Every structure is written in C-alpha cells, then in structure tokens.
C-alpha cells in the first residue's frame with residue numbers, strides 16, 4: 001500500500017527556527033524534516049566547493065604510485081588517468097539525469113521530477129523496487145545500500161591519513177596510538193562543526209576547495225620551474241632531467257614494460273575511481289540547494305571540469321620531475337618523490353620536500369573530512385526514514401543545536417547581556433543569521449561508525465588501515481552501487497513500461513545510454529578483475545625501498561612506505577559488507593513479521609511532502625518539507641482505509657485525514673480494542689502497542705497533529 005501523500009506548499013519555505021528543541025514533534029514515531037530557509041541554501045560557489053573539496057583529496061597524492069605500479073608504464077598510467085576523466089564525466093551525466101528526474105511526484109495532476117536529498121538511495125529505490133517486504137516498506141535495495149553506506153560512508157580512512165600527515169609535517173615520530181587519537185579528535189571536531197553551525201561547515205568546505213585549487217596550481221608551477229632548471233639537483237642522485245622527460249612522456253618509451261597483470265590494472269583503475277570519486281556530493285544534499293534545476297547541473301559540471309583539468313596537469317607534472325624507475329619502486333610515493341626532487345633539493349638533510357608533501361596531504365584529508373561529514377550525514381538521515389534502523393526519529397530528525405540557539409540564550413540571560421551586550425547587538429551576531437536545524441542523530445551515527453572502524457583496524461599499521469578502508473569504500477560504494485545506478489539508467493531507457501524517454505524529454509537518449517554504458521564498464525572492470533590473482537603483490541613492506549638507487553631521503557613516515565595487502569582482502573570484505581546488509585534486511589523482515597503476527601497489526605510507512613516552485617513561476621518544483629510516519633496499524637483499519645480510498649475512514653473515532661496514523665494500534669492483548677487511544681467498543685487491556693500519529697479513538701478527541709497542513713492536492 002502506497003502511503004505517500006503530496007501537497008503544494010501553502011507558504012514559502014522560510015521556516016521559523018525559534019522553537020524549542022523537542023516541541024515540534026512529540027510523537028516518537030513521526031519524523032519531520034524541512035529544507036533550509038532560502039538564505040541558507042547552497043548557491044553555485046557552495047556546490048562547486050562541495051565537489052572540488054571532496055574530489056581533491058588524498059587520491060591525487062597517493063593514487064599515482066598505485067596506478068603506475070599497477071600498469072607498469074607511464075604511458076598506460078596517463079591513459080588510465082584520461083579514462084578516469086571520461087569515467088567522471090559519464091558519472092556526472094548519470095547523476096544529473098537521476099538528480100533532476102528522481103523521485104517522481106504528481107503535482108497539479110502532472111508527474112514531475114522533484115530533487116531531494118539522499119542521492120543513491122532515492123535512485124536505487126526508484127529502479128529496483130523489488131524485492132520488498134511490502135510496497136514502499138522495507139525495500140531490499142534500501143537496506144543493501146543503506147547499511148553498506150552507514151558502515152563505509154564515513155571519514156575513517158581520511159582521518160587516519162590526516163593523523164599520519166600532521167605528525168610527519170611537524171617532524172614528530174609517527175606511532176599507531178597517536179595516529180588513532182588524532183583521527184578520533186578530528187572526526188569529533190568535524191561532527192561538532194556541522195552540528196552547531198551548518199553555514200560555518202559549508203563555508204569551511206568552500207575555503208578548503210579554494211586552498212586545494214591553489215595546491216594543484218602550486219604543483220604545476222613547480223614542475224614548470226623544475227623543467228627550466230630553477231631547482232638544483234640532489235647530490236649523487238644521477239638523475240638526468242632530459243632523460244626523465246623522454247622516458248616518461250615520449251611515445252617511443254612511455255608504454256615500454258607495461259604490466260600484463262589483470263589484477264594490477266584492476267587495482268590501478270579502482271585507485272582512479274577513488275581519486276575521481278566525490279562528484280556525486282551535491283546529489284546527497286539536493287534538497288538544500290537553491291534553484292537546483294539550474295544551479296546543480298551547472299555547478300557540478302563546472303567543478304568536475306576544473307578538477308579533471310587540474311588532475312591531468314598534475315600527473316603530467318609528476319612525469320616531468322620523477323623518473324620512471326623511482327615511480328615503479330615498491331614503497332615509493334610519486335607525489336612525495338616529486339617534492340623531494342624539487343623543494344627537498346633546496347635542503348637535502350631536513351626532509352623539507354617530504355614535510356611539504358605531508359602538509360598538503362593533511363590539508364586534503366581535513367577538507368575531505370569536513371565535506372564528507374556534511375553530505376554523508378544527510379544520506380544517513382534519509383536511510384533512517386526507511387524503517388531499517390532502531391530509534392528512527394533520533395537518527396532521522398533535525399534539531400536546533402545551532403550557534404544561533406546559543407546566541408538567543410545569551411541575549412535572554414541578564415548577566416551575559418550586561419557583560420557582553422554591545423557585542424551581542426552586533427548585526428553579524430543576530431541569532432537569525434546562525435539558527436539552522438541539523439541532523440544531529442545522523443551526525444552521531446556517522447561519528448560512531450567512523451570511530452568503530454578506526455579501532456577495528458587498530459591492529460593494522462596506519463598504511464594498511466588506510467589502504468583497506470579506502471579500497472573497500474571505493475569497491476562497494478563507488479564501484480558496486482555505481483554499477484547498479486548505471487545499469488538502472490540502461491534499464492529505464494530500454495524498458496517500455498517505465499516511459500523514461502517521455503519523462504526526460506530534455507536529455508538526448510543516446511547520450512544517456514552512452515554515459516551509462518561507460519560508467520557501467522568503468523565500475524564493473526575493477527569489480528570483476530579484482531578477483532584475478534596478481535603475479536606479485538602491488539605493495540610490499542617498507543624495507544623493500546631501495547634508497548641507494550633512488551638517492552632520495554626517506555622520511556620517518558609509515559604511510560608512503562606501503563604495506564602488503566593480500567589481493568583478495570578488499571573484494572572479500574566488500575562482499576561481506578554487502579552480505580551483512582542483505583542479512584540485515586532479512587532480519588528486519590523477520591522481526592516485523594513476528595510483531596505483526598503477535599499484535600495483529602501491519603507495519604506501514606507513510607510520507608507527506610510539501611513542494612515549492614523554485615524559482616516562482618518556473619514550473620520547477622523542489623521538496624521543502626517531509627513528514628514520515630512509521631506506524632503499526634490494525635489490519636481491519638487498513639482494510640477499511642483502503643476500501644474508502646482517499647476519503648479515509650470517518651466516524652467511530654477516526655479522523656478524515658487519510659493514513660494519518662493511529663494511536664493505540666488495533667487489538668490489545670485482551671482481544672478488544674486496546675491502547676491508550678483505542679477505538680470505542682471492545683474490552684481490550686489498556687496498553688497494547690503504542691502506535692503512530694494522532695488518530696485518537698475517543699469521540700471529541702480527533703485532533704490530528706497535521707490539521708494545520710491544509711488541504712492536500
């Protein structure tokens with residue numbers, strides 16, 4: 001039974017934030033979420049900041065070594081990076097096609113695509129509607145993605161990288177305990193930032209995006225200066241700059257000694273996927289973007305173009321400076337070698353190049369942590385609305401714990417007002433400028449899973465933990481679910497029953513099919529070939545680094561020196577996570593079925609939506625409000641409600657609102673109507689199951705909590 005209700009918003013989406021923390025939603029089984037006020041929504045620069053900050057992370061610094069060691073040649077490496085560009089733009093098209101057209105809502109008798117937050121969850125639910133426990137209730141695909149994303153969609157890997165790089169940049173000994181402590185601390189700080197100041201977190205993300213662009217330009221300019229002879233040679237290095245340029249970039253030499261290992265290519269391209277990952281971030285928060293039908297595709301395409309151009313230029317810069325034999329050494333880091341051969345040559349004895357490299361990586365990791373905390377928490381909030389998690393209201397509800405709330409309290413406090421009155425009256429400190437609701441419960445869930453992974457991998461070195469966590473996340477979240485999304489577009493295009501061509505008249509069908517095909521192949525390639533055993537491990541322990549050949553100073557880090565990771569670990573653990581998500585769905589179905597049999601009820605999920613035109617008069621709608629009811633209802637009531645259709649059930653204590661919820665959920669243990677607000681008649685024992693929302697059984701008590709919503713269309 002589809003319990004979704006829709007209406008056009010009766011007022012603009014500027015919701016009041018001056019409410020008590022828990023007064024908005026007293027029902028423990030009702031989840032209410034609202035879009036931010038228009039002044040707090042994301043514009044072009046903020047959306048571009050999300051994409052750039054997320055894409056430019058540790059990948060562009062750590063991935064080049066994994067790619068060149070997997071392919072065996074510099075020419076194949078650059079070809080793989082170009083394939084990554086094609087992969088990224090194909091993925092962008094897939095996500096834009098989904099983002100602007102899914103989910104589908106009927107507004108004013110016309111079915112439309114209405115952007116909303118949640119990203120992959122919404123699109124997978126739209127395409128793969130079966131198996132499901134009941135239509136729109138406990139969907140298998142929602143559990144498969146939701147549980148996997150809760151486990152892997154966090155900042156644990158980047159937090160470990162940040163811990164290592166901070167210690168190394170400060171020339172401090174790197175220990176496992178110190179790394180984990182810093183990782184936990186930075187994760188907690190990021191969570192607090194996005195809990196108390198959503199606007200501050202978004203601004204911080206944009207600042208990091210700008211810094212990262214400057215970092216990429218810094219590398220490019222450094223390579224140009226190196227090619228012009230600005231930097232001196234490292235003593236006894238025996239590196240010929242002209243020969244390096246010829247060996248790495250000349251077509252006659254660039255493809256020599258290419259690898260024949262399918263697993264090596266798989267790991268190389270999976271690393272590419274990880275490096276280019278992040279362009280989907282705006283889809284996670286589409287409901288918070290201003291004028292998403294215009295802002296979102298333009299900002300997303302522009303930011304991905306910037307990143308792709310910078311990535312290709314940076315990789316060419318690496319090839320200009322770092323000889324092939326150094327890149328191919330087990331344990332080598334191409335980016336670190338780049339800095340050692342340039343800035344390290346200015347002071348060979350104090351590891352200046354390695355420390356600059358570590359500082360860049362620390363900044364990149366921190367920026368990723370900031371943006372991922374913001375976007376992933378919104379996805380986990382949407383997952384909580386699917387009825388798959390305990391305490392769904394806690395994880396799915398927004399709360400006002402903002403800085404603006406603290407300012408309001410300070411202004412009302414006599415003592416503080418007397419001491420700091422002049423400061424508190426500043427226009428910039430007006431509470432309304434800082435009052436925003438945030439998904440506090442989802443942020444807590446995000447932080448907890450991150451900390452669990454940090455300590456679950458405590459027995460491994462930081463390098464092994466980093467490779468494992470980032471590899472599994474790329475394998476499952478990017479490759480596996482990316483394949484399902486791409487296959488979904490192809491299914492929608494070739495399925496006559498879905499009428500996708502009529503629903504997306506502004507998208508050229510063959511461009512859609514081509515992008516989806518490329519994105520599908522790109523994601524399936526590492527999924528399949530990862531299972532082919534390599535001829536030799538891609539990485540080995542730190543003691544295999546031949547420092548006599550490289551003539552480069554070796555820093556005291558544990559991260560660039562790679563630790564061997566068995567070839568089958570990443571896909572095995574990845575599929576184990578997917579298996580756990582599938583078992584979670586079976587367990588949820590079993591528990592719900594058992595409760596239904598014992599209480600003679602049915603578990604239902606109904607959703608009410610509000611929409612606004614954004615901008616007014618454009619005909620483009622965006623979701624601004626949602627109420628989710630997770631309810632247990634008596635089967636007899638459900639049959640009556642279904643039979644009467646949209647009119648709902650009238651009389652005998654039922655309100656006229658359809659699917660409005662039910663306090664006192666049907667049959668009590670004594671056999672009659674039970675529960676605190678049960679129906680008149682029958683002698684059931686009080687109590688029963690305490691149900692959902694506001695249909696009170698006693699005559700004269702039919703005050704439905706949503707009466708103020710107005711008439712539904």
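Including glycine, each Cβ sits where the backbone N, Cα and C put it.
Positions annotated as compositional bias 'Acidic residues' by TrEMBL: 16-26. Annotation comment: TrEMBL describes 1-28 as region 'Disordered'. Sequence annotations record features per position, and here TrEMBL assigns transmembrane segment to 42-63, 75-96, 138-157, 177-196, 208-229, 265-286, 298-321, 356-377, 440-460, 466-492, 513-532, 565-592.
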Candidates 42-63, 138-157, 298-321, 440-460; stretch with most C-beta pairs under 8 Å toward the transmembrane segment (466-492): 138-157
Seg_contact(the transmembrane segment (265-286), the transmembrane segment (208-229)) with at least 3 CB pairs under 8 angstroms, min sep 6: no
Segment-segment contact (the transmembrane segment (75-96); the transmembrane segment (565-592)) at 3 or more Cβ pairs under 8 Å: no
Intrachain neighbours beyond the transmembrane segment (138-157), with Cβ under 8 angstroms and 6 or more residues off its ends: 58, 120-121, 124-125, 128-132, 183, 187, 190, 368-369, 372-373, 376, 379-380, 383, 386-388, 445-446, 449-450, 453-454, 457, 465-466, 469-470, 472-473, 476-477, 481, 484, 577-578, 580-582, 584-585, 588-589, 592, 603
Contact yes or no, the transmembrane segment (440-460) and the transmembrane segment (177-196), 3+ Cβ pairs under 8 Å, gap 6+: yes
Sequence-remote partners of the transmembrane segment (513-532) [C-beta within less than 8 Å, at least six residues beyond its ends]: 83, 86-87, 89-91, 93-94, 97, 261-263, 265-267, 269-270, 273, 475, 478-480, 482-483, 485-487, 489-490, 493, 567-568, 570-571
Positions on the same chain near the transmembrane segment (356-377), where near means CB under 8 A and six or more residues out: 50, 53-54, 56-58, 60-62, 149, 153-155, 158-159, 161-162, 164-166, 168-169, 186-187, 190-191, 193-194, 198, 201-202, 204-205, 208-209, 211-212, 215, 278, 281, 284-285, 333, 335-336, 338-340, 343, 439, 442-443, 445-446, 555, 557
Winner by Cβ pairs under 8 Å against the transmembrane segment (42-63), considering only 177-196, 208-229, 565-592: 208-229
Interface-richest range of 177-196, 298-321, 565-592 toward the transmembrane segment (208-229), CB pairs under 8 Å: 298-321
